[in-house]
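As recorded in Swiss-Prot:
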type	residues	note
BINDING	GLY11, PRO12, ALA13, ALA14, SER15, GLY16, LYS17, GLY18, THR19	ATP binding site
REGION	50-69	region 'Disordered'
Amino acid sequence: MTRPIVIAIDGPAASGKGTLARRLAAAFNLPYLDTGLLYRAVARRVLDRGGDPADPAASEEQARSLSRLDLERGDLRTPEVDRAASAVASIKPVRAALLDFQRRFADASGAVLDGRDIGTIVFPEADVKLFVTASLDVRAKRRHLERLAHGIDPGFDSVRAELAARDEADRTRAAAPLVQAKDALLLDTSQMDANHAFTAAADLVNKVLARG
């Protein structure tokens, strides 16, 4: 395969897809883009300006003004931004504004991208598509540990409820709902640590690429 390789990784929040995508990008020498960070950055920009993330006009304006520097902020993974990003991601004009950003990122040298609609909307022609998931309880435990590592303890039950609400919003939104692409390979990481998940994913990628 001589053209740039695109690996699309989709799945619900806290499924391990981000960690997996970063490791695959390093292993296959490809750029990496966490597309969920785009929506977080847009949400952060709206909040900073005192706007409502659910306001289509305000969120679209910030989506069209987004730069790569916005993705480097250290305050994009707070509970407030989590909730705001979910609202932003449901707005069709915002998703349209960010679509070109994502495609241009991978055009020149390929990429590993993770999100919720990479294999279905952003890169339906991706060379490899993975759908990474895990049980709600496992994902809630992972997210809770992440919060604790950042000095935040909202409680496990609160995190679990937050993820369940995010899952429902992702699955039912009109704009690019979270679904497994028909040709995506399923990887359930419920019983896997990060190393096991990476090994399994890398094997899947190599098998697909070997078929040409």
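Heads up, the Cβ atoms here are built off N, Cα and C, so glycines get one too.
Swiss-Prot feature annotations superimposed on the structure.
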{"residue": "GLY11", "record": "ATP binding site", "Cβ within 10 Å": "29"}
{"residue": "ALA13", "record": "ATP binding site", "Cβ within 10 Å": "21"}
{"residue": "SER15", "record": "ATP binding site", "Cβ within 10 Å": "26"}
{"residue": "LYS17", "record": "ATP binding site", "Cβ within 10 Å": "28"}
{"residue": "THR19", "record": "ATP binding site", "Cβ within 10 Å": "16"}
* Using the recorded ATP site (GLY11, PRO12, ALA13, ALA14, SER15, GLY16, LYS17, GLY18, THR19) as reference, state which further residues of the same chain have their Cβ within 8 Å of the centre of those residues' Cβ atoms, listed in sequence order. => LEU20, ASP114, VAL132, THR133, ALA134, ARG139, ARG142, THR189
* Can you check what DSSP calls ALA13 (ATP binding site), collapsed to helix, strand or coil? -> coil
